Amino acid sequence: MRIMIEEVIRVILAVITFSIAGIMDWRTREINPYIWLPSLIIGIFLGIHKAVNGLSIYQIISLVISIVIAVIVTIMVFLFRLMGGADFLAIITFISLYPYTQLTNLIAYHKKFSSIIINIYNIILIMPPIITVLLIYTIIMLFFLIYNTLCNLRHVNVLNYLGFPLYKKIYFIVFHKIIDIDTLFKRRFYYPIFIPGKVDRISFNIYEDDLSWREKLKDMPKETMIIASWGIPMATFLSISVLIYSITYFICIFS
């Protein structure tokens, strides 16, 4: 019963925290750091409490993997600046809430599920939670890239006109947006990657202000076609992944 209460607390905290964070990141690309604090503190407390009462070999291995991932993310943020602070706090908060799963939650004995669903659920429960969430996140991003590619294929003639080599065409089509200046002015979080005679780069600085480009490009014809990069709300997509995991986890432990 005590274990069930702890699991419910984890699920509730994850759903509330990541729902708020996901919405904030989508709307402003900024998340108040204090939003993560309750889940971070309670998650660490629950983890220590469980560790004091003993962990299985599997849970120790799972915990070590989670810590290694946390260290890698920390290096990516503070040493190489490849991720934002919000993405770092999101991953660390999730790891504090779900450093490992309970082996007793396997549902292979439930006859009401088909074998395929059983196997999927059991894999989700057996793997270190952060690995599962990152896999879900990767799948979401793959779907996004496919959608982005299909949208850009309508404007492939622009790339042909600008005379880009094949590898650059593929790169721009898959990872960036082919839009006009007018679209850049109407939407938020778009950063120019290529503007004939003005900008030529492969990416943008995650800390630059998208609104500053409106002032720089205000005199350019609105119909000018450019290559821009959308500032992907990573914390939002990560939050969606966490919500999928948490809801699935909740279904599993109470099935």
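Even glycines carry a Cβ here, placed using N, Cα and C.
It is 31-48, from the ranges 31-48, 175-192, that TrEMBL records as transmembrane segment. Across the domain 'Prepilin type IV endopeptidase peptidase' (13-135), DSSP helix (H, G, I), strand (E, B) and coil residues number 93 helix, 0 strand, 30 coil.
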